[in-house]
Every structure is written in structure tokens, then in C-alpha cells.
Amino acid sequence: MTRSGHARAAARPSPVEAPSALGRLRRVSTETPGSRIPAVARSDDHAFAVWVAEQAGRRLLEVREQGLEGKALKDAGDAAAQEVIAALLAEHRPDDRVLSEEAIDDKARLEADRVWIIDPLDGTREYSEPPRDDWAVHVALWEKGELTVGAVAQPALGETFNTGIPSVVPPRTSARPRIAVSRSRPPAFVEALAAELDAELVPMGSAGVKVMSVVRDVADAYVHAGGQYEWDNAAPVAVARAAGLFCSRVDGSELVYNKDDVQLPDLIVCRPELAESIVDFVRRHGTD
Ligand SMILES: Nc1ncnc2c1ncn2[C@@H]1O[C@H](COP(=O)(O)O)[C@@H](OP(=O)(O)O)[C@H]1O
Ligand SMILES: [Mg+2]
């Protein structure tokens with residue numbers, strides 16, 4: 001495996017190979033219970049990100065079985081996943097910096113070459129509504145200005161999408177575009193966008209799940225505006241790019257990570273052929 005999802009994408013596995021290759025990575029982690037690191041993950045950041053996301057995902061599934069509800073379940077999940085990820089990063093990547101939704105922002109990251117951008121539990125609301133499966137764990141690595149690694153675990157599905165073995169986006173199954181939107185905070189302008197594109201809106205939780213829905217051909221685009229942070233979309237964007245999808249801010253500008261201000265309030269992730277019409281709509285109408 002290379003250290004760059006982009007380089008790896010050039011030699012993408014065929015659709016037939018992809019599931020077994022993903023399975024191989026998954027088995028590595030399930031065969032080593034607890035925090036024993038699989039050999040491949042010691043030096044390979046892609047495999048490490050997968051393993052870390054899956055360790056946190058396993059813990060989240062355990063916490064979900066403890067009979068907690070509502071805010072207590074959200075808080076317990078956030079804390080448990082953060083604890084797992086922080087411990088694994090401290091033990092196995094001690095020289096790297098970390099930006100996590102659930103930790104104090106150590107600004108030393110602004111001078112660092114390697115920064116892990118973490119959302120221990122994305123789609124917290126949906127996590128607290130069992131048996132919903134639209135929640136995720138995000139683990140990304142930013143190196144010298146670029147996202148180079150990403151893993152998005154969907155523990156309730158038993159899937160971890162990643163840059164080490166880039167996903168192969170299936171052929172499009174819907175002629176009518178499907179746009180994934182926030183279930184609880186859909187941006188108002190997306191209704192008008194959908195009307196112009198004759199698209200259908202598909203509400204679901206978690207930014208990671210919505211980006212992966214485009215990777216999986218459950219949706220054709222994810223459009224968001226109005227608020228989000230770097231950890232909500234860093235790992236999903238790394239994975240989507242490695243799979244060949246278009247990713248940008250809603251005005252078509254670049255998504256920039258490891259900034260002092262970690263707000264990254266809007267984005268588009270879509271099949272490349274839809275990018276121009278979505279960006280063009282936003283340039284004409286804005287997002288109000
Ligand atoms: N307007 C907004 N302001 C701040 N964060 C937002 C937001 N809309 C969505 N998000 C964040 O983006 C993630 C996905 O949201 P949604 O499921 O609504 O699409 C959630 O992350 P967390 O679950 O990690 O808090 C949510 O908090
Ligand atoms: Mg989040």
C-alpha cells in the first residue's frame with residue numbers, strides 16, 4: 001500500500017477484488033482483539049486509520065448495548081470513542097498532532113507536518129436512536145497541506161471505507177439525481193437546487209455516512225451549508241477523493257484543512273458529472 005490515496009487510486013482494485021480486499025483489512029483487526037496493533041498498521045498510515053476507526057467503532061457498539069438513552073448515550077459514546085482513539089494515537093503515533101472534536105485544540109498542530117483530524121462519533125444524534133445505522137467514526141491524516149489518509153467506519157454496517165483500498169464507485173443506478181442532506185438541519189437552498197436539477201432529496205444522519213452514500217451509489221451528491229467543522233468532513237473527503245469523486249466548498253473553491261479556525265461550514269461531494277451544475281447553481285443563487 002502506498003501512503004497516498006491519490007497514487008493508490010491509479011491502480012484501483014476491480015469491483016470484484018474490492019470487497020475481499022476490504023475484508024482482508026477488516027479481518028486483520030478483528031483477529032487481534034483489544035488494542036494489539038496489526039503488523040501492517042505499525043508503519044502504514046492507511047491501515048492504521050482503519051484499525052483505529054474500527055477499535056473506536058467496536059467500543060461504540062458496546063456502549064450502545066449498556067441501556068443508556070438520549071443525551072446520556074450520546075455523551076457516553078463521544079467519550080468512549082475519544083478515549084480509544086486518543087490512547088491509540090498516543091501509543092502508536094506519539095510524534096503526530098491531533099485535532100479532535102472531543103479534545104482541547106492544541107494549536108501546536110498549526111506548526112506540525114502531520115495532524116490527525118478525528119471525529120470520534122459523527123451522527124451523534126442517530127447513534128442515540130438505535131437501531132439507526134447512520135453514524136460513523138472519522139480518522140483522517142493531514143500532511144503538509146494535504147489530506148493523505150482517511151478511514152470512515154460505519155460500525156453498525158460493519159464497513160470501513162478507506163484510502164488504503166479505495167472504493168470503486170458503482171455505475172449510477174438512478175437517472176434522477178439523489179442528493180443526500182442532513183436529516184435534522186437540511187440547508188434551505190437545497191430544495192431549490194433539487195427542483196432545478198429534478199433531483200430527489202435523501203435525508204440521513206452523519207456527514208461521513210452521507211459522503212459514503214455517494215461512494216456506495218445510495219446517493220449521487222451530498223450538499224451541505226450552514227455549519228460544519230473540519231472533523232465532520234476531513235476523513236470522508238479523503239475517502240471520496242480516493243474513490244474519484246468531486247469534493248469542494250459549495251462555491252467550487254478548495255477545501256482547506258488544519259486551519260486556525262476549524263469551521264468548514266459547507267461542502268459538495270458528488271459524482272464528477274454533477275459538479276458543474278451544482279456549483280453553477282450556488283454561484284447564481286447563493287446558499288441563503
Ligand atoms: N449547521 C451546523 N452547524 C454545526 N455543525 C453542524 C451543522 N450541521 C451539521 N453539523 C455537524 O455535521 C455532522 C453531520 O450532521 P448531520 O447529521 O445533521 O448532517 C454532525 O456532527 P456530530 O454528530 O459529530 O456532532 C453535526 O453536528
Ligand atoms: Mg461530526
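Quick reminder: no glycine exception, Cβ is built from N, Cα and C everywhere.
The region 'Disordered' feature in TrEMBL is assigned to 1-38. Summarising the annotation, TrEMBL assigns Mg(2+) binding site to Glu101, Asp119, Leu121, Asp122, Asp232.
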Additional residues around Mg(2+), ordered along the sequence, whose Cβ is within 8 Å of the centroid of Glu101, Asp119, Leu121, Asp122, Asp232: Ile118, Pro120, Gly123, Thr124, Ala136, Val137, His138, Ser206, Ala207, Gly208, Tyr229, Trp231
Cβ-Cβ neighbours of Asp232 (Mg(2+) binding site) (radius 10 Å): 25
DSSP-derived class (H/G/I helix, E/B strand, else coil) of Glu101 (Mg(2+) binding site): coil
Tertiary neighbours of Asp119 (Mg(2+) binding site) (same chain, Cβ under 8 Å, six or more apart): Ser100, Glu101, Ala136, Val137, His138, Gly208, Trp231, Asp232, Ala235
